[in-house]
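Right, one structure below, let's go through it.
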Amino acid sequence: MRVKEKYQHLRRWGWRWGTMLLGMLMICSATEKLWVTVYYGVPVWKEATTTLFCASDAKAYDTEVHNVWATHACVPTDPNPQEVVLVNVTENFNMWKNDMVEQMHEDIISLWDQSLKPCVKLTPLCVSLKCTDLKNDTNTNSSSGGMIMEKGEIKNCSFNISTSIRGKVQKEYAFFYKHDIIPIDNDTTSYTLTSCNTSVITQACPKVSFEPIPIHYCAPAGFAILKCNNKTFNGTGPCTNVSTVQCTHGIKPVVSTQLLLNGSLAEEEVVIRSANLTDNVKTIIVQLNQSVEINCTRPNNNTRKRIRIQRGPGRTFVTIGKIGNMRQAHCNISRAKWNNTLKQIASKLREQYGNNKTIIFKQSSGGDLEIVTHSFNCGGEFFYCNSTQLFNSTWFNSTWSTEGSNNTEGSDTITLPCRIKQIINMWQEVGKAMYAPPISGQIRCSSNITGLLLTRDGGNNNNGSEIFRPGGGDMRDNWRSELYKYKVVKIEPLGVAPTKAKRRVVQREKRAVGIGALFLGFLGAAGSTMGAASMTLTVQARQLLSGIVQQQNNLLRAIEAQQHLLQLTVWGIKQLQARILAVERYLKDQQLLGIWGCSGKLICTTAVPWNASWSNKSLEQIWNHTTWMEWDREINNYTSLIHSLIEESQNQQEKNEQELLELDKWASLWNWFNITNWLWYIKIFIMIVGGLVGLRIVFAVLSIVNRVRQGHSPLSFQTHLPTPGGPDRPEGIEEEGGERDRDRSIRLVNGSLALIWDDLRSLCLFSYHRLRDLLLIVTRIVELLGRRGWEALKYWWNLLQYWSQELKNSAVSLLNATAIAVAEGTDRVIEVVQGACRAIRHIPRRIRQGLERILL
């Protein structure tokens, strides 16, 4: 019986506690609803192509062509350039698909076209030239201290030109290099200028020097340039050391083939870069870690001669006048440095193509003179140097020794013989030729070799060797060797993310901006989590606008400082276009914020619920373990949908606010006491009184008219007419009263004012009685509601006390049952232990008793 009672008690206790736990579980399991929140100034970017502008420290007074071009096209450089390192950011780069290379290529073409603009068409010189070899009076090259030109390298040509007198011709002579003329019908004495049959030859302006200056490429506001700082970056793939800059480093636009001159060096080891190392068609770009100096000179002290070939001013052909000596132009390179460079390059190539490979460097396999030789511009003259001595070695896989002319020569200097051409095939356009006027005096230039352009022979080489030859010709590879670590991205400052905050539709409050935001740069928080990056929104949003303003100021300063030289060329139009684009993008973002009801806000809550199908991550995962870049990639497919929902929600909210404002007069009871409203109330009161008086007058007139029509004379308005009695009630005599005493007495008044006052009094009494009845009804309702509410509160209080007592009793019962069970269990354990102890203690007695029985 006792066990049964305990079982029933535990059963009741289990039901109570089970019900309570189930309710608590249902309450706790209810997930808190999330809402979309808009953030402005988030560190998010996307790959983009935009119009870049250039910056340089060009000197307006310098006539060097690069300075002139940069003065017209570029803005001054920033004296304090900033570079912000993006911590915990990994970005993919691809130097072979970089729009910056294409833009620089177009710009350098513009530079050459503008700098070497043609002054004179040489069509009159496309005639038959009678040429002979220039005699060499020097018989030895040792005494002259240099290499002697080959016989026939320079031709002395004569030709006829028109004079100022019509019908007369004049015979002139000029010196031409062998490669600038071609024989006519294999005749050794009759020649014509090369390219006369394929293009129109024009002569560049003679007053030209040619020394490239560094040019910086800058991104407009709203865009940024990402820079990869990995020291061994091969140009493609992910980069873990990323920073953001507004402008690139200074790049010298040196046009050359085979060898890259005056570029940037690798910080550690030699770096090999190629779009596909297994494809022999692709060019291999080698970046050196140590520069090799190359000194070039044209020793012969030539003079210039001018020949008028056409009527009119400026129609002058400039050619070589006198040749000081016949020493050949050449370039000198240190043999030890070059061999050390090839050794490092061969080592890196073996890492790519196999450690057991033998690396062989050979001369160019053929083609145009610009490709076969190392071509470049030195002091205004175009040099074409034979690079066979540079690329004529074999590097074995074990000894790493060399074979070829590099070791057979005993001198410490490699001397490259060079040719000079005056008729140049322009690299920027096929079929275009230009005559570069000769430069008088000696020419010397010193450059640094910072890279190589190589090509690999194709085919199946089973002999364990790889052959590499110098290449070039596509100047995009030259620019690519400097722009490999840059990419342009578009800033996307608008971001959406879920939060617990919902937009309130009450009156707006002033927004307080936190002062704990640190200056990290516009994209400095890109690697931080979303929660940490949201602290820098103020700085980033401010810098987005300040970047636009700063660039506008830079442009205005450039125009003011160089207004006498600045011309609105194609470059000027491109710069204006870039800035207008930046302003338009900023205004577009501000327009979206305005449409969403977020104008002037960095963090803007909305009334759009967050859909778990967009992202099922928890708030802790989103804000503490996710960057804005990762988050943008995750919800990129739903961004347009979220934006449209925010717009719809804002439209609905504005509609609701409009409807609420229409009821604002009823909500603001204090406005009833405004003097303007009181004047309106008095006006309404006067209109009501006037209406009542007018109705009374109308009815009185109608009554008089009615009585006159019936033959009665009009009575006073206040004449009291007796109430007619019924047919069963006799009139009686005057003395016989009784019944008439019960008739209602009516107060009679005299005068119109008294009549008006009586009507007003009746109206006020009527209003008073009705308002009193209404007030009594309202009081009764409030009293009833208060009584019912109080009873409900007392009921809920009693219910709460009851359940509290029940919970208390259940807890006490549980504790009692637990105590009883523990006590009973303890008693059983004690009894068992006592029995065991007694049994052990009685063992000797039992043994003694057994022995006694045996003995007895």
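For all residues, glycine too, the Cβ spot is worked out from N, Cα and C.
Counting only same-chain residues 6+ beyond the ends of the coiled coil (633-667), those with a CB under 8 A from a CB of the stretch are 36, 38, 496, 503, 505, 592, 595-597, 606-608, 614-615, 626. Residues or ranges marked as coiled coil in Swiss-Prot (evidence: sequence analysis): 633-667.
For the recorded site, Cys74 (disulfide bond), the DSSP three-state label reads coil. A sphere of 10 angstroms centred on the C-beta of Cys74 (disulfide bond) encloses 24 other C-beta atoms. The annotation disulfide bond is assigned in Swiss-Prot to Cys54-Cys74 (among others) on the grounds of sequence analysis.
Sequence annotations record features per position, and here Swiss-Prot assigns disulfide bond to Cys119-Cys205 (among others).
Neighbour count (other Cβ atoms within 10 Å of the Cβ, all protein chains): 15 for Cys126 (disulfide bond). Residues or ranges marked as disulfide bond by Swiss-Prot on the basis of sequence analysis: Cys126-Cys196 (among others).
Long-range Cβ contacts of Cys157 (disulfide bond) within its own chain (separation 6+, distance under 8 Å): Leu129, Lys130, Cys131, Tyr173, Ala174, Phe175, Phe176, Ile181, Tyr191. Annotation source Swiss-Prot lists disulfide bond at Cys131-Cys157 (among others), citing sequence analysis.
Residues annotated as disulfide bond in Swiss-Prot, with sequence analysis given as evidence: Cys218-Cys247 (among others). Around the Cβ of Cys218 (disulfide bond), 23 further Cβ atoms fall within 10 Å across all displayed protein chains.
According to Swiss-Prot, the disulfide bond annotation covers Cys228-Cys239 (among others), on the basis of sequence analysis. All protein chains shown were included, and the count of other CB atoms within 10 Å of the CB of Cys228 (disulfide bond) stands at 22.
The feature disulfide bond is assigned by Swiss-Prot to Cys296-Cys331 (among others), with sequence analysis given as support. In the three-state DSSP reading, Cys296 (disulfide bond) counts as strand.
Annotated disulfide bond per Swiss-Prot: Cys378-Cys445 (among others), in sequence order. Around Cys445 (disulfide bond), the C-beta neighbours below 8 angstroms that are at least 6 residues distant in the chain are Asn295, Cys296, Thr297, Cys378, Gly379. According to DSSP, Cys445 (disulfide bond) sits within a strand segment.
Cβ environment of Cys418 (disulfide bond): Cys296, Arg298, Gln328, Ala329, His330, Cys331, Thr373, Phe383, Tyr384, Cys385, Asn386 lie under 8 Å away, each six or more residues apart in the same chain. The secondary structure of Cys418 (disulfide bond), as reduced to three states from DSSP, is extended strand. Annotation source Swiss-Prot lists disulfide bond at Cys385-Cys418 (among others).
According to Swiss-Prot, the disulfide bond annotation covers Cys598-Cys604 (among others), on the basis of sequence analysis. Cys598 (disulfide bond) is surrounded by 23 other CB atoms, counting those within 10 A of its CB over all protein chains shown. In the three-state DSSP assignment, the secondary structure recorded for Cys598 (disulfide bond) is coil.
When pLDDT values are averaged over the region 'V2' (157-196), the model yields 74. What Swiss-Prot lists as region 'V2' is 157-196.
What Swiss-Prot lists as region 'CD4-binding loop' is 364-374. Listed by sequence, the residues of this chain that lie at least six past the ends of the region 'CD4-binding loop' (364-374) yet keep a Cβ under 8 A from its Cβ atoms are 179, 256-259, 331, 383-387, 390-391, 416, 418-419, 421, 425, 427, 457, 469-473.
Annotation source Swiss-Prot lists region 'V4' at 385-418, citing sequence analysis.
For the region 'V5' (461-471), the residues of the chain that approach it from at least six positions outside its boundaries are 257-259, 283-284, 349, 353, 356-365, 371, 374, 387, 390-391, 397, 452-455, judged by C-beta separation under 8 angstroms. Under the heading region 'V5', Swiss-Prot lists 461-471 (among others).
Secondary structure of the region 'V5' (463-471), assigned with DSSP and counted as helix (H, G, I), strand (E, B) and coil, comes to 0 helix, 6 strand, 3 coil. Here Swiss-Prot flags 463-471 (among others) as region 'V5', drawing on sequence analysis.
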Residue from Cys196, Cys218, Cys247, Cys598, Cys604 whose C-alpha is spatially nearest that of Cys228 (disulfide bond), among the disulfide-bonded residues: Cys247
Cα distance (Å, whole number) from Cys604 (disulfide bond) to Cys54 (disulfide bond): 38
Helix, strand and coil counts within the region 'CD4-binding loop' (364-374) (DSSP): 4 helix, 1 strand, 6 coil
Cα-nearest neighbour of Cys74 (disulfide bond) within the listed disulfide-bonded residues, Cys196, Cys218, Cys239: Cys218
Rounded Cα-Cα span from Cys218 (disulfide bond) to Cys604 (disulfide bond), Å: 33
Within the region 'V2' (157-196), residues counted as helix, strand or coil by DSSP: 3 helix, 22 strand, 15 coil
Cβ packing number for Cys196 (disulfide bond), 10 Å threshold: 18
Rounded inter-Cα distance in Å - Cys196 (disulfide bond), Cys598 (disulfide bond): 68
Distance from Cys239 (disulfide bond) back to Cys247 (disulfide bond), taken between C-alpha atoms, in Å: 19
Rounded to the nearest Å - Cα separation of Cys239 (disulfide bond) and Cys598 (disulfide bond): 36
